[in-house]
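**Q** Below are the structure tokens for one structure; questions will follow.
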Amino acid sequence: NYLRCSYHEWENWQKTMEIGAVAAMRYVKDAIMAAKLVMEHTGHTLLVGEKATSFAISMGLTGPTNLSSPESVAKWSKWRQNNCQPNFWKNVNPAGNCGPYHPINIPKDPVKSAVWENEGLTCQEWLKNDNLLEPTNSRFKSVNRHNRDTISMAVVDKMGHIAVGTSTNGATFKIPGRVGDGPIPGSSAYGDDEIGACGATGDGDIMMRFLPCYQVVESMRLGMEPHDAAVDAISRIARKYPDFVGALFAINKKGVHAGACHGWTFQYSVRNSSMQDVEVITVTP
């Protein structure tokens, strides 16, 4: 989860380009606030895992909290009963159950093999108990209209200062330890007071390889309109990964906005000071 700007430090935003992010953080519900605390109270950009949880709780956020819901536990249980299929593993054996997994076509290291023989069952139990949500292979589209939960937002204040942020639960049935594009600057969100902002959602494992929101802002810096910048960024990904699913929105400092998508129909919402209510914009591939 990722936040790009401290609300009470917008005046300094253009000079500092401050960022705060957390990833793989468990037991704390308010991850976007944790990201804000990283930005406001540390000199770092990204905290991860157990220590991110400890940091968030030490800074006053509620936790540790069990974040599993009956729905998520039932979903995971059904997935386990289906031999952990589909998942995000590839080039491993055994391919059709829950592991423990071994890489294929790689010469065995006798030391590593000995360690695995001693620790394999422990690792397998850890996978059973800990992999409560999110893995993918070529047969599994990890993102679709039924399982997306990413929220990416850009805000422009009356002085023209820009803040952007992204929060997400991540990819369903991911491998434990996976970090997606949410906390990666320039991937799921990016903004610059001088130019504009961008937010993205979709297959984060693919999209983060292209930093699409950074690309959008830089394209607008070079003179592209938001629509053209958005389409260009999505097209760059689609040329390499024609089966990926993703979308983004772009907005320039004048408030002109647009979206682009690939593999699904995408909606984003907009509201400014002259509007009575939110307008929902539908974008088609």
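Including glycine, each Cβ sits where the backbone N, Cα and C put it.
Annotation source TrEMBL lists active site, nucleophile at T150. Taken from TrEMBL, the feature substrate binding site applies to R178, V179, G180, D181, T201, G202, D203, G204.
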**Q** Return only the integer: C-alpha distance in Å from D181 (substrate binding site) to the residue listed as 'active site, nucleophile'.
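**A** Roughly 10 Å, rounded to the nearest whole number.
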**Q** For the residue listed as 'active site, nucleophile', which of these binding-site residues sit within 10 Å, Cα to Cα: R178, V179, G180, T201, G202?
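**A** If one measures from the Cα of the residue listed as 'active site, nucleophile', the binding-site residues that come within 10 Å are T201, G202.
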**Q** Any idea which of the recorded positions T150, T201 has the thinnest Cβ neighbourhood at 10 Å?
**A** T150
**Q** Using a 10 Å cut-off, grab the number of neighbouring Cβ atoms around the Cβ of V179 (substrate binding site), all chains included.
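**A** I get 18 for this one.
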**Q** For the binding-site residues listed here, D181, D203, which shows the highest count of neighbouring CB atoms within 10 A?
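**A** Top count of Cβ atoms within 10 Å goes to D181.
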**Q** List nothing but the largest Cα to Cα distance in Å, as a whole number, among the residues R178, V179, G180, D181, T201, G202, D203, G204 that the record says bind substrate.
**A** 16
